[in-house]
Amino acid sequence: MAAHQEKKLAEERKHQNMQNDTKTSQGQWGRAWEVDWFSLASILFLLMFAPLIVYYFIMSCDQYQCSLTDPLLDLLTGNKHLSDIWNRTPMLTYRAAAIYSLWVSFQVFLYVSIPDFCHKFLPGYVGGAQEGAVTPAGVVNKYEINGLQAWIISHVLWFANAYCFHFFSPTIIFDNWIPLLWCANILGYAVSTFAIIKGYFFPTNAKDCKITGNFFYDYMMGIEFNPRIGKWFDFKLFFNGRPGIVAWTLINLSFAAKQQELHGEVTNSMILVNVLQGIYVLDFFWNEAWYLKTIDICHDHFGWYLGWGDCVWLPYLYTLQGLYLVYHPVQLRTDYAMGVLMLGLLGYYIFRMTNHQKDLFRRTNGNCRIWGKKPEYIECSYMSVDGTKYYSKLMTSGFWGWARHFNYTGDLMGSLAYCLACGFEHLLPYFYIIYMTILLTHRCIRDEHRCSSKYGKDWKCYTAVVPYRLLPGVF
C-alpha cells in the first residue's frame with residue numbers, strides 16, 4: 001500500500017514537472033501565462049476604447065473636416081450632444097454589407113482556391129507552398145504563399161472596372177466608408193469570438209495553446225498559436241495579410257478618385273501617399289514568405305488583437321492620410337515633395353535592406369557576405385516543449401550591428417513621410433507616426449523580453465555587442 005502511494009506521488013510529481021517544463025518552454029514564445037494588473041488594465045482599456053478611437057477619427061473627418069478638437073469643444077460647450085453626432089453618422093446599409101461580404105469572400109477564394117503561379121515567372125519571388133518557423137510545440141506549419149497573386153488579381157479587376165466595365169464607381173469605398181466600418185467591426189468581433197471558442201473546445205494543436213483563465217486577456221491576446229481550418233486556411237496569415245492589406249492600396253485609390261471628383265485634380269500629396277504606401281504594401285506581399293519568420297507569425301497568438309485589429313484598425317487608421325487629403329487637398333512645393341519622397345524611399349531602403357540582410361543570413365546559415373564581409377554573429381540555443389534543443393544565430397554586423405531593430409527605424413522614417421505629405425494644418429494625419437512609434441517601441445520591448453526568456457545568457461552576450469534598440473547612440 002505504501003509502495004503504491006509512493007509510486008502515485010512520484011507519478012504526480014513527474015506530471016507536475018512536465019507541466020512546469022512545458023510552461024517554461026512555451027514561456028519563451030508568445031504571450032504570458034499569467035496576467036499582471038497592468039496588462040489586464042491595458043487590455044480592458046483597449047477593448048473598451050479602441051473601437052471608439054477608430055469611430056472618433058472617421059467621424060471627425062465626416063462631420064468636422066478632420067478636426068480632432070472641434071467635436072470635443074462642441075460637446076464640452078454644449079453646442080452638440082453625443083446623440084447629435086451619432087444621429088448624423090451613416091448606419092449599416094445592405095449595399096455596404098453586400099460590398100464587404102463579396103470582398104471578404106473573394107479574398108478567401110483567392111487564398112484557398114488558387115495556388116500561387118507568380119513564383120513561376122517572377123524572378124526572385126518566393127511563393128507557393130512554404131514552411132513557417134518552429135512553433136512552441138515543435139510543429140512546422142506549411143503555408144500557401146499567394147498574397148502577391150491575390151493583390152495583382154484584385155487590382156487588375158479594379159482597374160478593368162474603372163476603365164472598361166464601369167460596374168461601380170472608383171469612389172465606391174469612400175462613398176460607403178462608414179457603413180463599411182460597421183461591417184468590418186462585425187467581422188472583427190465574429191472572428192475573434194470564434195477564435196476563443198475554437199481555442200477552448202477544438203484547437204488545431206492543443207500544445208500550442210495558452211489559457212490564463214482570465215477571459216479578457218485570453219480573448220484579447222488569443223489562445224491558439226495557429227488556428228486553422230483544413231490544411232491551408234491559417235487564420236493568422238489570412239487576416240494579417242488579407243483582406244485588410246490587399247484593400248489598403250484600393251482604399252487609397254478610391255480616395256484619390258474622390259479627390260478628383262470633388263476638386264477636379266489629384267494633388268501631388270495624394271500621389272505621394274499612394275506611391276509610398278503602395279511600395280510598402282507591395283513589399284509586404286513580395287516578401288510574404290519572409291513574413292512567416294516575423295514576430296506576428298512566430299510569437300503572437302490569434303485573438304482580438306489580431307482579428308479585430310486586422311479587420312478594423314489597420315484599414316481604417318493606416319489610411320488616414322489619404323482620407324484627410326480628400327477633405328484637405330494639399331499641393332506641395334516641388335522641393336518639399338521631393339524631400340518627402342526621398343525620406344520615404346530612404347526609409348524603405350533601410351527597412352528592406354535590413355530585413356534582406358537577416359533573411360540572407362538565415363537562408364545561408366551565415367555563409368554569405370554582408371557589406372562585403374563575412375557576417376559576425378552570436379550562437380544561441382533554446383528548447384521547445386518536447387525537449388528538443390534548437391540552435392539559432394543572432395547577427396551582429398551590417399545594419400544589425402547598428403541597432404537590434406534597425407528595420408523598425410526605416411519603417412518609422414517611411415511612416416513620417418506619409419504624414420509630412422499632408423502638410424501641417426491638422427494633427428489627424430500625424431496620428432500614424434505617433435502610433436507607429438509607440439507600437440514599434442513596445443514591440444521592441446516585447447520581442448526582447450521573449451528573446452531574453454528564450455535565449456537566457458546568450459541574449460545578454462548579444463545585447464552587450466549590440467547595445468542600442470532603434471537609434472545608434474540614442475536608444
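Backbone N, Cα and C define each Cβ position, glycine as well.
The compositional bias 'Basic and acidic residues' annotation in TrEMBL covers 1-15.
Residues or ranges marked as region 'Disordered' in TrEMBL: 1-25.
According to TrEMBL, the feature transmembrane segment maps to 37-58 (among others). Same-chain neighbours of the transmembrane segment (37-58): 68, 71, 177-178, 181, 185, 214, 216-217, 219-221, 304-305, 308, 312-313, 316-317, 320, 323, 428, 431, counting only residues six or more beyond its ends whose CB sits under 8 Å from a CB of the stretch.
Same-chain residues lying 6 or more positions outside the transmembrane segment (92-114) and placing a CB less than 8 Å from one of its CB atoms are 144, 146, 149-150, 153-154, 172, 176, 179-180, 182-184, 187, 230, 232-233, 238, 242-243, 246-247. What TrEMBL records for 92-114 (among others) is transmembrane segment.
Only residues 6 or more beyond the boundaries of the transmembrane segment (148-168), in the same chain, are considered here, and those with a CB under 8 A from a CB of the stretch are 106-107, 110-111, 114, 116-118, 122, 125, 127, 242, 246, 249-250, 253, 257, 281-282, 285-286, 288. Annotated transmembrane segment per TrEMBL: 148-168 (among others), in sequence order.
Taken from TrEMBL, the feature transmembrane segment covers 180-201 (among others).
The annotation transmembrane segment is assigned in TrEMBL to 306-327 (among others). Long-range Cβ contacts of the transmembrane segment (306-327) within its own chain (Cβ-Cβ under 8 Å, at least 6 residues beyond either end) map to 50-51, 54, 57-58, 61, 65-66, 174, 177, 181, 184-185, 187-189, 191-192, 195, 222, 235-236, 239-240, 243-245, 247-248, 251-252, 255-256, 258-259, 262, 267, 269-270, 273-274, 277, 296, 300, 418-419, 421-422, 426, 428-429, 431-432, 435.
Marked as transmembrane segment by TrEMBL: 334-351 (among others). A Cβ distance under 8 Å defines the sequence-distant neighbours of the transmembrane segment (334-351), meaning residues of its chain 6+ beyond its ends; these are 268-269, 272, 275-276, 279-280, 283, 399, 406-407, 409-418, 420-421.
Among residues of the same chain six or more beyond the transmembrane segment (415-440), those with a C-beta under 8 A of the stretch's C-beta atoms are 57, 60-61, 66-68, 269, 272-273, 276-277, 317-318, 320-321, 324-325, 328, 330, 332, 337, 340-341, 343-344, 347, 405, 408, 470. The transmembrane segment annotation in TrEMBL covers 415-440 (among others).
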